[in-house]
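Trainee: To start, I am sharing the structure in question, which I have written as structure tokens.
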Amino acid sequence: MSEQNQAADAQQDENKLIAERRAKLAELRAVGNPFPNDFRPTHHADALQQAHGSKEKAALEEAAMVVSVAGRVIRNRGAFMVLQDGSGQIQLYVTKEARGFAKSLDLGDIIGVSGVLHKSGKGDLYVNLDEYKLLTKALRPLPDKYHGLADQELRYRQRYVDLIANPEVRKTFLLRSRIVQFIRDYLNGREFLEVETPMLQAIPGGATARPFETHHNALDIDMYLRIAPELYLKRLVVGGFERVYEINRNFRNEGLSTRHNPEFTMLEFYQAYADYNDLMDLTEDMLRNLAQTVLGSTEVTATLGEDESVTYDFAKPFVRLSVFDSILHFNPDLKAEDIDSPESARAVAKNLGIPMKDNWGLGKVQIEIFEKTVEHRLIQPTFITEYPTEVSPLARRNDDNPFVTDRFEFFVGGREIANGFSELNDAEDQADRFKQQVAEKNAGDDEAMHYDADYVRALEYGLPPTAGEGIGIDRLVMLLTDSASIRDVLLFPHMRPE
């Protein structure tokens, strides 16, 4: 039988089951409300397992504790059912009086149950169905328990079913929440202030990216979904908030990949009277403590292939290499003179098959060589520093070498996780760099920055020496949950319409 015929038969079977369930719902409507809202559980499944799972059977019998639980029926066989709530699963014992009720249920129905808590001879907790009520009639059948929801695209489209059917998916998103909460606690504990800045901006700034465009009808102006909150956060530092951070969405009208989604979550934070070295130290400490607190270990194991894995060690001091030195380190056939002039660097890039534009300077060519030959090889936690000024329009020039900036990017597993730098606080230098970005935009670079006159004006009031950083929350969660695609850590990733 062809796959197409199998799919058609499966759809026909599902339609039949849905019709049968709709008929049951009609019968329930005829005798009352099949969607009541008057049941209140006293316990969750996991809390019961934690509090009473180790107790002796006799002790539970003697206690005769009555509990109320609510959730979805995911198994219904004979004398026992399995109920799944937001915390986990627990068994239900079908008493003689409850057999008719149990028989009327379909997998996926949501019920409320009150009864005495017991332990079986095998050591499993269960709740007697002494009192019971249907709370929600499910009209669509759950995926087969042995195969789960296997279709990857369907999992992303119908995440609500994915969460019901696949416990590991639930675990990933619970862990994501804990990661974000740890970061908030860590920064709050260091006197950072959480703020919110505009998502709709008249001038998109803070990053080099193509924005989403919209129109504000009341003001009759074109606006953009923000690509980064950076320039607003630094305005707040000018205003006297010396440590600020924001965890929120950014939007970039660019391609989809396993590492990119047009809508994504970023942490950005700024600290006055600090430089990029201070933020590298902070990042190293934060990530080390994050792994230990959330995962219980500073060693994070990730899958590279079917039979290959790697362990990222967050306990050791993170490697620190400049862009220039990293190119030479990972390309031992190259010498310094091969990449220290526009002509020689272009020759190297050409040999690597890198397409180039005529207006690229040495710094841009070096970054292209770095991304082609180095980035994917940065497996253990590594800071890459001293990015060329040409590709760092908001970063402070290095005092000893103005060709580069006091900037770093942080990599693990060949993925960029963070980007930070000592902030450019020279208003005149910033204005000149904005003008250069505008020239590049006029030359056809859609990702080049706009000129932000108000931000330059803010700098003219004086931005104290400041360092700032952005960390991609989605990529960080991918790293710590060993997820292969960014879609695996987004509850509702973008998809084409069905």
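Placement of Cβ uses the backbone N, Cα and C atoms for every residue, glycine included.
Here Swiss-Prot flags E409, E416 as Mg(2+) 1 binding site, drawing on sequence analysis. Taken from Swiss-Prot, the feature Mg(2+) 2 binding site covers E416, and the record attributes it to sequence analysis.
Can you walk me through where each of these features ends up in the structure?
Mentor: On its own chain, E416 (Mg(2+) 1 binding site) has E375, E409, F410, G472, R475 as residues at least 6 apart in sequence with a Cβ closer than 8 Å to its own Cβ. In the three-state DSSP classification, E416 (Mg(2+) 1 binding site) falls within a strand.
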Trainee: With every protein chain in view, what's the tally of Cβ atoms within 10 Å of the Cβ of E409 (Mg(2+) 1 binding site), excluding that atom itself?
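Mentor: Step by step: centre on the Cβ of E409 (Mg(2+) 1 binding site), count other Cβ atoms within 10 Å, giving 21.
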Trainee: Please report the DSSP secondary structure of E409 (Mg(2+) 1 binding site), reduced to three states.
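Mentor: The three-state answer is strand.
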